[in-house]
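Residues or ranges marked as repeat 'LRR 1' in Swiss-Prot: 411-434. Taken from Swiss-Prot, the feature repeat 'LRR 2' applies to 435-457. Swiss-Prot lists 459-482 with the feature repeat 'LRR 3'. According to Swiss-Prot, the feature phosphothreonine maps to Thr557, Thr725, Thr730, an assignment based on similarity to another entry. If you look up Swiss-Prot, you'll see 566-838 marked as domain 'Protein kinase', on the strength of sequence analysis. Positions annotated as phosphotyrosine by Swiss-Prot: Tyr638, Tyr738. What Swiss-Prot lists as phosphoserine is Ser724, and the listing cites similarity to another entry.
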Amino acid sequence: MKSIHGFLLFLITAYVILESVQAQDQLGFISLDCGLVPKNATYTEKTTNITYKSDANYIDSGLVGRISAEYKAQLQQQTWTVRSFPEGERNCYNFNLTAKSRYLIRATFTYGNYDGLRQVPKFDIHIGPSKWTSVKLDGVGNGAVLEMIHVLTQDRLQICLVKTGKGIPFISSLELRPLNNNTYLTQSGSLIGFARVFFSATPTFIRYDEDIHDRVWVRQFGNGLKSISTDLLVDTSNPYDVPQAVAKTACVPSNASQPLIFDWTLDNITSQSYVYMHFAEIQTLKDNDIREFNITYNGGQNVYSYLRPEKFEISTLFDSKPLSSPDGSFSLSFTKTGNSTLPPLINGLEIYKVLDLLELETDQDEVSAMINIKATYDLSKKVSWQGDPCAPKSYQWEGLNCSYPNSDQPRIISLNLAENKLTGTITPEISKLTQLIELDLSKNDLSGEIPEFFADMKLLKLINLSGNLGLNSTIPDSIQQRLDSKSLILILSKTVTKTVTLKGKSKKVPMIPIVASVAGVFALLVILAIFFVVRRKNGESNKGTNPSIITKERRITYPEVLKMTNNFERVLGKGGFGTVYHGNLEDTQVAVKMLSHSSAQGYKEFKAEVELLLRVHHRNLVGLVGYCDDGDNLALIYEYMANGDLKENMSGKRGGNVLTWENRMQIAVEAAQGLEYLHNGCTPPMVHRDVKTTNILLNERYGAKLADFGLSRSFPVDGESHVSTVVAGTPGYLDPEYYRTNWLSEKSDVYSFGVVLLEIVTNQPVTDKTRERTHINEWVGSMLTKGDIKSILDPKLMGDYDTNGAWKIVELALACVNPSSNRRPTMAHVVTELNECVALENARRQGREEMHTSGYVDFSRSSASEFSPGAR
């Protein structure tokens, strides 16, 4: 048995002086010596031939320092200097990269008494707005190295040092190494490095340039292990790029009849592990020799069965699901089978801890805008303006207010830059803050024109430009129109004359009447002030609402409807509500649903849908652009969904390609997320009441959004689990318990969604009188008794799906349509299960075909006995 300790405890040894190595391509490497001066300085570390540069171009705060000479002698040069952060609570490095790229991130901390205090600080490090870990050093002369594998969600990465009240944060070096995007796959979260080991008598560790990704491999050896090696080259041409020095050595148990066992313990008992194992047969076997073994963990839980390593070719095995343990302790066993004449072996082992990043990043365009505003007006001295502008909420930038919609990115809704000595013109970057309600640029030295883009910021209600004596107060026509319609308040200086542009002419107007006008709208300002106070106090309880919505702002007249639809020229579809037309509103495509005068859905349902969509916003709910309530003319104007509804796409009515299994799984999880938001993210919660495939719409990328909320009902907030109501919905999708009792609950939606899931996987009608079992629920249940899932899956899929995932989703659907609502899962549980199905399909597509040729295997589905289910 071999106990594996966190290799990061030993990584600091990788920074001691070693023999020089040959340089290789460092394409994509970012290697920062933190505190190196001057800012354009670079050098090549002679022991690794890695080129380091100053960090000054990646951060605009902090002080530079140097560790004491007594600690430098045996350390590599990038640890000799530090950057410390005595000012501000959070200080951040900024990297412009590419979204969805995968990086190995390494941060090094060597205190070395750089400040002469001999007091080791404690602080946190964040990745974006989420905490990575706490930095704790064992002593003045000791260092720490942290590693993470992270997939970028935006084109920008921020790494932040955060105070915890226990000293001043600092950092010695920061390194980013690009990885292949089809490696280190996870269901969710990032990976914190725990161990990366190889098995050889020498050397003690391996890194660049033997490892082209500059991963640090620490030698693991001791009692119970025997090292074997080869001088022959091993084929390492799989995406993990295992170094030859790792591939050409391996360990076997000293006692050939005993298993190999590796133990490790995570400090948090709730943490999960991902394990990546690298195998190659590096001994020349005799004709009657067999090396075959099983891999299990924690007392027999199967990981992989009957493994035979490829001869002189590396295979990388990993599980698409993380390993878990009730107490944080893990034991990985390699045991030879009864057929094997040779003991198990392993060449390299990587262990990671899962880190779920809980904080959502602010909208990428708004982050870019704020960073550009900061640069334009030289606001680097604003100590709070570090990292993500809105997240986490406790580090929101000074002068900003943000909205925090549930399950969606934070958005900036007010910006106050009053009295900040701003000079120059008003930057167009402000126009990118599309959710802005209030803007205060007063008491600065701004000049130039009042920009017309203010008129296009539809949610903007208040602009304060007073106290900017150099600003030309000519008001553009487009802004004047908004002032006249009272949809915008503009405050200018009380001591200057403003120019109002009327009918193409400039006219000087004394400021006294303007001041009177401002006084006339003072009550509106008071209302706005109360609004912001209430919003701040109730931000958490109203995560599902958007405080920027002003109802009449979304109201559209009937002549405007005629114009946007070109007199109802193009029909998109027809339904019980009426006809849906294609339209264009300000160069944006929209769908216009006109209420038929003979429609069964009356004004009450129309009003209910408008009120719901005006306050509910989620990426998987169809957004309301506006509505028309003009006499007898009622219309809803939605965002345009280019690929129509799910039922059309399943039936082939729209033509085009058959929806793949991958498409279907993603559509299912996105629709489920929208429904789960209605149940758990809204205040009060909502029940949709009409979930069906025609109410799941698909955009141009086949992203799914839930639509048609005319039958939706509020859910009690006083602890009651249901309401009594008249039965409404669509036959076939209607919860039989609700139909029988008139008691409506969230589980009624769950039932309907279960029917949708069965449609997605079978492509069969919900009811079919030609079947012995007319309803799809009964038909699927009867077919499954034969134990052959292929007989119920859509034949158009041509067998191109993950069988294990198919079983999982069918069983989930049948649980949803259980006749008893108490035995149905919640939508939160449904979302979790569907995400696992998506992960299985992703692993299959990125795995089985590629892995067969590239030499690595996703072993979560490799045991035929475990992942080819028969009758259940």
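Glycine too: its Cβ is placed from the backbone N, Cα and C atoms.
Just so it is clear, the model here is predicted, and its values are computed rather than measured.
In this structure the alpha carbons, written CA, of Thr557 (phosphothreonine) and Tyr638 (phosphotyrosine) are 15 Å apart. When averaged over the repeat 'LRR 1' (411-434), pLDDT in the model lands at 96. Annotated pair Tyr638 (phosphotyrosine) and Thr730 (phosphothreonine), C-alpha to C-alpha distance, rounded: 22 Å. Long-range C-beta contacts of Tyr738 (phosphotyrosine), restricted to its own chain and to partners at least six residues apart, with a cutoff below 8 Å, comprise Val727, Gly729, Leu744, Ser745, Ser748, Tyr751.
When the modified residues Thr557, Thr730 are compared by the number of other CB atoms within 10 angstroms of each CB, Thr557 has the fewest.
Reduced to three states, the DSSP call for Thr557 (phosphothreonine) is coil. With helix defined as DSSP H, G or I and strand as E or B, the repeat 'LRR 2' (435-457) counts 4 helix, 6 strand, 13 coil. Note on Tyr638 (phosphotyrosine): other Cβ atoms within 10 Å of its Cβ, all shown chains, come to 22. Under DSSP, residues within the repeat 'LRR 1' (411-434) fall into helix, strand and coil as 5 helix, 8 strand, 11 coil. The secondary structure of Tyr738 (phosphotyrosine), as reduced to three states from DSSP, is helical.
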